[in-house]
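A.B. asks: My questions all concern the structure below.
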Amino acid sequence: MSVSLIASDQFRIVVGLGKSGMSLVRFLASRGIAFAVADTREQPPELETLRRDYPQVEVRCGELDVDFLCRANELYVSPGLALATPALQQAAARGVKLSGDIELFARHAKAPIVAISGSNAKSTVTTLVGEMAAKAGKRVAVGGNLGTPALDLLADDIELYVLELSSFQLETTDQLNAEVATVLNISEDHMDRYSGLPAYHLAKHRIFRGARQVVVNRQDALSRPLPVEGRPCWTFGLNPPDFKAFGLREVDGEKYLAFEFQTLMPARELKVRGAHNQSNALAALALGHAAGLPFEPMLEALREFGGLAHRCQWVRERNGVNWYDDSKATNVGAALAAIEGLGADIEGKLVLIAGGDGKGAEFTALREPVKRFCRAVVLLGRDAERLAEALGDAVPLVRVKTLDDAVQQCAELAQAGDAVLLSPACASLDMFKNFEERGRLFAQAAGGLA
């Protein structure tokens, strides 16, 4: 049996049958809303699941049919599909609303939302805030762009939602109405999808629509919403904090995480290393504080947090050299954070592995930090030559074809006291299934060194 295609206020089409698309299917079906599914791919990832669990739902695969899309009054568009897709634009011109799973989630969520975006660190900070809330005894649900799709989190007993949100998800979100929202930082990313940094910036800042409180990185002007008047604004940064601010204070030669003029805990008690991880901890404290969490359980969560996989994750020590997997550094900003954060935290130098699919980004910002902190850079992947041009003669450059070759070169180049860092500044899809596979293979190769 096929879903009726009679246009009505209750007919929707889910465009894109991946993880978030399948969560939309479950949500709409559970509420008895008539819908169909479309996907530009002939074999979308969740097609078998849809046909098994919802055989009555009509699904169209392949090129999008505008007339078909216009039979609905609202399209829920997958984050992976650009809104500039001609068929979507034509449907919108004919009066069809373009929306997404986060907009639908916001309409139905009954508990406060902590909303987190940014070019980098959003998964780490989202996880931290979730763990802080759990330590505080809250019934908390964590997800969005990280882990569980937002719609699958909806439940009547939840006391707090903590969501990681991408710019792609925010493009289809008109009014999130978060209790507290933040853009942790902004640097070039997804320039293959956006016309430039201003368009990317605008997409990120949709997170602030309807937010009752905001958290701002005071060391990144692009993270500040305009205007902030009329709602509480908390800040975080690596400099000393003042009113309504979290930061670092030095007391008797030791650095402390601090709120206003109150020291909270020594920075050395964090298990994760580097200034960027101190910044992440301060951001999480600011968000948790804005959401009403007490300091004691938040600090306990910080002391226990060992970091996420593929985010400056320690792999092994060999001959006095530590190896780190930062495969999640899929853009320049993330790689900069790792190079500067880890580089300042070790005795020796970094031997960096970089390269992959640069997504149209500009790499010149890497030159000075690489010159300061790196002994050498091993390059691989599609944009290795673009990286080489940007780095120039800052340090010796070695070009390789495979990740195994990169690991072998690093083993030869690194000296005792150094660290080998996989922080590619690029996406992985030119050579690997995803950044997780890239990180696993790096750790496997490093672990196999005699």
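Note: Cβ is positioned from N, Cα and C throughout, glycine not excepted.
Pulled these features from Swiss-Prot for this protein:
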type	residues	note
BINDING	G118, S119, N120, A121, K122, S123, T124	ATP binding site
A.B. asks: Work through the binding-site residues one by one (G118, N120, A121, S123, T124) and point out the residue whose CB has the fewest other CB atoms within 10 angstroms.
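C.D. replies: Checked G118, N120, A121, S123, T124; of these binding-site residues, fewest Cβ neighbours within 10 Å: S123.
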A.B. asks: What are the other residues, in sequence order, whose C-beta lies within 8 angstroms of the center of the C-beta atoms of G118, S119, N120, A121, K122, S123, T124 at the ATP site?
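C.D. replies: Here the non-site neighbours turn out to be I116, V125, L184, N185, N280, A334.
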A.B. asks: If you draw a 10 Å sphere around the Cβ of K122 (ATP binding site), how many other Cβ atoms fall inside it, taking every protein chain shown into account?
C.D. replies: 24
A.B. asks: Under 8 Å Cβ-Cβ from S119 (ATP binding site), six or more apart in the same chain: what's there?
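C.D. replies: Counting only residues 6 or more apart in sequence, the Cβ neighbours of S119 (ATP binding site) under 8 Å are L184, N185, I186, S187, E188, D189, N331, G333, A334.
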A.B. asks: For A121 (ATP binding site), just give me the three-state DSSP call.
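C.D. replies: Going by the DSSP assignment, A121 (ATP binding site) belongs to neither helix nor strand, so it counts as coil.
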